[in-house]
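Engineer: Have a look at the structure that comes next, please.
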Amino acid sequence: MFNKIWQFEIGCQFRRPTLYIYFLAILLFTIFTFATGSLPLTEKEHINAPYAIALWCAVMSMVISVAGSSVMGLPLYRDIEYRTKDYYLTYPVTPAGYFWGRYLGALLCMLFIAGAIPGGIYLGTKLGPLAGWKDSHQYGPDHLSYFLQPFFCITVPNLLFTSSLFFGLVALTRNVKVIYSGGVILFLTYFLSFFFLFNDHSGTVVDLADPFTINGVLLQSHNASSLQKNTSVITVNGNFFINRIIWTLLGLGILLFAYGQFKFESFFRFKGGKVMEDDAPALVPASLVSSAGIRFSAVDNRRILLKLIRIELTNLLRDHYFWIILASGLFFLLFSFWLGVAPFGVPELPRTVLLFSIFNDTFPFYFFIFILFYTGEILYRERATRFAAINDALPPPNWVLGGAKLVTLLLLGTGIALMPAFGALFVQITKGFHQFDYYSYAEELFILLIPRMLQMVVFCYVVHVLVNHKFAAHAIAGLIWVGLFFLQRSGMLNYHLLLYSYTPGYQISEMDGLGHMLKPIAWFNFYWLICAALLIVLAALFFYRGVTSSFKERLTLVSQRFSAKISLITVVLFIAFLCVGGFIYYNISYLNNYLTANETEARQVMYEKTLKPLARLPLPKITSIRLFVDLYPGRQQAFTRAWVTIANKTDKPITQLLVDGEKLAAFSVKLHGKPIAFTYPLNYHRGAFNLFRPESEPAEFRLYRFARPLVPGDSLQLEVSSTTMYTGFQNDVYAQDILHNGTCFNGGLPNLGYDPGDELADPFERKKNHLPEKSNAVFAQNDPAGFNTLRAGPTAYLFNLDITVSTDSDQTAIAPGQLQKQWHRHGRTYFHYCQSNPGTYMPFTIISARYAILHDTAMLNHPVDIAIYYLSQHNTNIHRFLAAYKDGLHYFSKTFGRYPFGVIRLTETSIYQSKMTSFTTLTGYNEDFGWNAGFNNPNQFDYCYFTTARALAQQWWRFQVAPNNTLGSLIISQGLSAYSALMLVEKKYGPQNMRDILRDQIGEYLFRRTRLEEREQPLAGINQPYLDGKAGVVLYGLKCLIGEDSINAALRDFKNAYALKTRPPFAGNNDLLYYLQKRVPDSLKYYLVDNWQNITFYDNKIIRANAVPTANKNIYKVMVTVNCAKSHISSNGNDVPAKHMNDMIAIGVFGNNSLDKNGRWQTNPVYLKTYKLCAGQHTLAFFVNGKPAYAGIDPFAILMDRNGNDNLKTITYSASGL
């Protein structure tokens, strides 16, 4: 009977459409992912690299386990639901044949679904080049082993575990709902475990505790070169192999336990012999029975509707699995809220906007699954309990029966929408945080969450009614919802008028709330709620009742159900839907210009092909700006009048000037009070969705022609007037510069010249559009065009800045320079700032918001005013920012030279701005950065202090020494500022306590480099600003080798040579290297070669560390064995062992750590010496004064070691000599 049962099971499963829906969904998703290369690939890694395939197998097998849980749950439950026990008890079916036949048949169906993974990968690799989405060179060979090895080593064990788990749970509990609750708990626990595992710092635990081995694949991928990823499969040994064995055996163990408990006769019965039912029908309240009558008027129907709603709610609330799933989600929600966000290991205070952002990022899809599942349970309850035939024969109309279920689901959706609000309040109160942002609570609930949940409920309800098959509806609804998400996130179709339930993007800010995004979000939600009402009408027309089951049969009933009343409601709703949709369309596609991703790309191509020849035009330098700006934050408008002095510093006359005003609503340029003649050199075609806009519109690039050429050495003053304003609203987030509270405005001036940054960047897209290979916007180090211009832009120069700005009376406006005057007039506040001596470098900004202000003064050789502008409730860490400013001003002035400005300011900016922005005399941190860090342990990394020190250092290494526009010049603004900050932190905490800080910097660099989309450059050609941490550590390591005085003297000489230059050549990477080399002895110049001109990594580790006490009480003999290795990264990304390693590496021995008076841990070195070590193993013996606790090689982590965790080792003691 075993063969017949498993064959029957396979046939039964393959007759269900759900199986094919799952297979097709996985297949299409995989094809599209690999065809478009939408994977987390590293530099030069093939899209179909074996490592990428392995990761995809791990992730998708987890998805299949969730989606295919019904495949494993139904075989046993089906017999309970359809009451087939009499047949099985009559036929000669053995328990083993029944149990294992059902299991094996369902498992083979799961493997069939999983077969879509390798099939989809293969088809995707062929479709990508064929469709023109990716270049064929981005794909590697399709070796069969690349597909089979991860499938059998990752996918199959994963499915064995989850399939055995789900099948065993149903066998034990005899209830299919256990699959959903068990699945939810499994995956919530899986994601929660990440927190505990990664805080355990044990790679072994992380590897073994991951049932889907995603972490195991990521770990191998993290340590592999691009060549390894492209040519070799995942290694199945060590912890990875043990992981596969453990979880496969655990799944089989659960299955065997379930089989041991499985009793064939009692599986279909309760104790006492009653036939088992999945859910006993709820008892009808006596009040309903006693009040039954023969009349069914509108009043009676409403009364019945209310009672049915109460019955549905009662059934729902009595469902134990409902509470299990809901409680699991609530626990996960509260746990996530409790953990919050912890940058650098420092938890943020539980602000309302922060908690809601956590919910919006993580939980909506979970609650969609929850609503989808219970929509099916509520709609199919009568059929599952065999009550449908009676219920459907009762007199109440369809709108009563269907309405009761829909209203119940809407109440469920509303309750779910309230959960994050109550959860956030609970966490805030429990943590003692009482800054309740009730306005944000109201916006989140009534504008965002409740409308979205109601739309979600209606969607699930309508799909279930139309499909009329519970599990098929689950699959179809899930596929549609994920498809909408993928379309929107991928940019393929993000026109929100066509994506159900989607609205423009937004950020919730404590400075501005939803701000200007409130209006478009409210309109879109209104639009989708009307659409939801129309869908409810559609569901009412197709509502299942009685014996009409097929879609075709129900379609014949639509005309009968489409009564005059329904018709009127439909017409009214449809007209309202068209009107609201028309209004939204008018805003996003007529008042504004919506473009698809392809249209944006086409415009980039047209921009380059048309305007690229103008890049050869000589450009002037800006030497002075006098600016008058009127800000109207409430109206999101700014009006600018400016007098801009430009000078011809080239050797050619300037006759034409390309001006870019694309981001301005209007602008004009005059000379001597008269407009300058111009033409529009570029016209754009109308976007496909902008049907009522002109077919062709001139782009706001203007080519101005001077009546008299601007000859070399000459200058002139242009009068520029501009308007910045936003009409209507747009399809996505917009107007991020002018907010109701938190404006960060660039002055409203058009840009000068051709901008290579607006070109198409992707090499394959360029090739597809017949564009040449993109030239680097940054010049070679020996190119005069590079060292004669500044990194800030081709027109950038040391210039005088004079800004007068007016804003709302309750706001403060801040700009670079010294505040000359502040006054009030006509209900507005005016500020006059000036930075003319010694001048400033680009860029500049104007900030306006309602601020509290902290003032202080640092006394250098002249007083420097310190001002911190912040939201009044964000005062937790302003003393840390102030301390960094005061310490940094003194140390940097003493070390690198005087601070030439009279003021330094820190401002809090809106969440729409970058985490950190720097300008002359002014730094901005957005509201999510540092202001609300909840430091509760003195040993936590004070990143507020460190980052402020780094930003302050840029006043020397960016706004005094401005980097030129050559490769590697970023090390001046990024690397030197990072080094300066490290030195300031060293002065605060001591050099012996720098290890953790340096390891953080190295760890961030190692993490970033694995995700580079372009080839990593050594520091000599550094062109990635996020590699500043590496540059800072390398310079700090050089300090440790040659001494602080030597490196700082070199930097001071460098600064004196290039600070505030008005003539080229400007400072570049090779200039900095020249000054450093002058101070580095020949014996240490290998360090600069390794770390400046090459990409070098170490693999140093300590193998043994022993100590033996001597006759002298405090003297110990210590013997350490270390292993040294060094490698360089070749041009193709591979590790090449260094041939002649002979490096200076520190060996240290330390006593037990101790606490200082501030509660910070202090390391206590008892021995520290630098040895010259070659590659290989070394044993060193020496005597130390003091009891040693641990020893290390490179103990302070100044070398680029990929794995710094094996550099320290606890000392073991021997009673006798070694």
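Any Cβ shown, glycine's included, is placed from N, Cα and C.
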Engineer: Quick check on the annotations: TrEMBL lists transmembrane segment for one of 282-299, 966-983. Which range is it?
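Structural biologist: Of the candidate stretches, TrEMBL labels 282-299 as transmembrane segment.
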Engineer: As a test: from 97-123, 245-262, 479-502, pick the stretch that has the greatest number of Cβ pairs under 8 Å with the transmembrane segment (353-374).
Structural biologist: 479-502
Engineer: What residues elsewhere in the chain lie close to the transmembrane segment (144-172), defined as a C-beta under 8 angstroms and at least 6 residues from its ends?
Structural biologist: 48, 50, 53-54, 57-58, 60-62, 64-65, 69, 72-73, 75-77, 99, 102-103, 106-107, 110-111, 114, 117-118, 121-122, 178-179, 182-183, 186, 211-213, 217, 233-234, 236, 244, 247-248, 250-252, 254-255, 257-259, 261-262, 267
Engineer: Do any residues of this chain, six or more beyond the ends of the transmembrane segment (446-467), have a C-beta under 8 angstroms from a C-beta of it, and if so which?
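Structural biologist: Beyond its ends, the transmembrane segment (446-467) has Cβ neighbours at 360, 364, 367-368, 371-372, 375-376, 379, 402, 405-406, 409-410, 412-414, 416-417, 420-421, 473, 476-477, 480-481, 500-501, 514, 518, 521-522, 525, 528-529, 531-532, 535-536, 538-539, 542-544, 551.
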Engineer: With a Cβ cut-off under 8 Å, give me the same-chain residues at least six positions beyond the ends of the transmembrane segment (97-123) that come close to it.
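Structural biologist: Distant Cβ neighbours of the transmembrane segment (97-123) are 1-10, 12-14, 19, 22-24, 26-31, 33-35, 48, 53, 56-57, 60-61, 64, 67-68, 71-72, 74-76, 88, 142, 147-148, 151, 155-156, 159-160, 163-164, 167, 171, 255, 259, 262, 264.
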